[in-house]
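In what follows, a structure is listed as structure tokens, so that the remarks can point back to it.
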């Protein structure tokens, strides 16, 4: 079902929120009302943002299974949201309705001005269909369709630029209370030409921890970001654009998982919130993740392809987590 919804061109081109074209949605409104108003619900479980999958049609379906799981939009490149303001702003804001909440908008880009303007439009808009509770900056996508433009996980090489991007969003989003700003990233990045997976698997976690903690320390230095979604793998960047899809697929399992690095981050930065991503494949692992691991405890768990392919396996989330 998810695959069918994701591949339908007629669904992709529609700019009307799914909740607006389904009269039967009214029968779900009473179920949702209690939870959608609870903006203090912690992000104990979230569905990772994925292009071609986490559109409003998937979010509508998954919201029938769980009312509290955090859902993410597909990444919205800020470069595409500025030149055609009227059309793209409508598309941007029409992707979330109150029945979908809590929903997070993910932005992709590396220019502080365009990111700030995109955030400003979102936070100050009175559009009745816009109900994002947070805006997330993509610093973790390994596809060189993104990384080749110095976005995605390539941003991890310039944490000062990420800090500037986040600061511009905070400044331009005032005076209305803006959505929370968060960052999704990896443990670090390596170049595909020099990366040796066999050697990497033999190493301890020290280098990865030093890389990611340095990134977090800089990005969080002005208090504009307090929540980090950490994919517990390195990002491997390939230069050739034609290898973009291969690069993305390889990054799912070639770099070894290092979840202990995330647990160590929770003790290194006790004032920050961390959501663990990568290698979580069932509800039992989600429960274990949010109830404490190692010396510290992450705030939540983010699941990607498994929850897309087997959404009903996570249908008990509300009962088990909240």
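For all residues, glycine too, the Cβ spot is worked out from N, Cα and C.
Keep in mind that this is a model prediction, so the values were computed, not measured.
Record features, source TrEMBL:
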type	residues	note
REGION	1-21	region 'Disordered'
COMPBIAS	1-16	compositional bias 'Low complexity'
DOMAIN	47-316	domain 'DUS-like FMN-binding'
BINDING	49, 50, 51, 106, 184, 231, 277, 278, 279, 304, 305	FMN binding site
ACT_SITE	141	active site, proton donor
Separation of alpha carbons, residue 141 (active site, proton donor) and residue 51 (FMN binding site) (Å): 11
49, 279 as binding-site residues, winner by CB count within 10 A: 49
Distance, residue 141 (active site, proton donor) to residue 305 (FMN binding site) (CA atoms, angstrom): 14
Recorded positions (51, 141), the one with most neighbouring Cβ atoms at 10 Å: 141
Rounded to the nearest Å - Cα separation of residue 184 (FMN binding site) and residue 141 (active site, proton donor): 9
For the binding-site residues 184, 305, the one whose C-beta sees the most other C-beta atoms within 10 angstroms: 184
Whole-number Å value for how far residue 49 (FMN binding site) lies from residue 141 (active site, proton donor) (Cα to Cα): 10
All-chain count of other Cβ atoms within 10 Å of residue 277 (FMN binding site): 25
Averaged pLDDT score, the domain 'DUS-like FMN-binding' (47-316): 83
For FMN, whose listed binding residues are 49, 50, 51, 106, 184, 231, 277, 278, 279, 304, 305, the greatest C-alpha pairwise distance in Å: 21
